[in-house]
């Protein structure tokens, strides 16, 4: 029983640790959502000679360059390009079309005013989610390595399960609120930021993977607690049943002993009476 209980506790600790690592990584990264934005091509210049618009009409230097678009009202979508972007809880980073690298801006500033409260609530929920995961992980480690008795281990196990379940619920609410804020920002956000197409990124997958590991850890912890309690009750029932049988056996032996003693005493009393009658009768 002790080995199985230790294995279940070790599994719960491992799942909780994975949930903590996944949630922390997702919280600080900027790949919750990613996609492309449709933006006008910049003007061509000395430093920018590809994917640009040539307003001067000078084709001598760029006549062989197919990436240069000569400005015309009939070009349509040729005047636009699609730049890659990725967004997290804190920042939204976009491909810099004028130079190498990316430029980032605060996603909190991009969100509509009506959604800022929901976004901050999502941030607070994510922080509480991580903090409760840390508390649950600490309690599981105490139960695994430093519990002095089975009763103390069961108490730590129960508290760890409660904290882990609460953290999982907070994490689920936080992820859903962020998704809602992002979808509203896609529709009502700044014109120069609105995505042309987007999808969820690997940070979003990590966040929900963290939630899955968190709930698996809580289920494993509750399962360990329930199994330990059931095993103790079963052993106690067997012990009480054996004690009753032993008590009944002792009672029967005692009754049998006193019954035999009573019969012996009666027999001895009868013999003494007969002897007395024989000795007291006239010859």
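Think of each number as a place in line: the chain as shown, counted from 1.
Glycine is treated like the rest: Cβ placed from N, Cα and C.
Note that the coordinates shown come from a computational prediction; the quantities given were computed from them, not determined experimentally.
Taken from TrEMBL, the feature signal peptide applies to 1-26.
What TrEMBL records for 127-146 (among others) is transmembrane segment.
Positions annotated as transmembrane segment by TrEMBL: 158-180 (among others). Beyond its flanks by at least six residues, the transmembrane segment (158-180) meets 12, 16, 23, 32, 89, 115, 118-119, 121-123, 125-126, 128-133, 135-136, 139-140, 143, 204, 207-208, 210-211, 214-215, 217-218, 221-222, 225 of its own chain at Cβ-Cβ distances under 8 Å.
Per TrEMBL, the feature transmembrane segment maps to 200-226 (among others).
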Are there residues at least 6 beyond the ends of the signal peptide (1-26) whose Cβ is under 8 Å from a Cβ of it, and what are they? 32, 126, 129-130, 133-134, 136-137, 140-141, 143-144, 157, 160, 164, 171, 203-204, 206-207, 209-214, 216-217, 220-221, 223-224, 227-228, 231
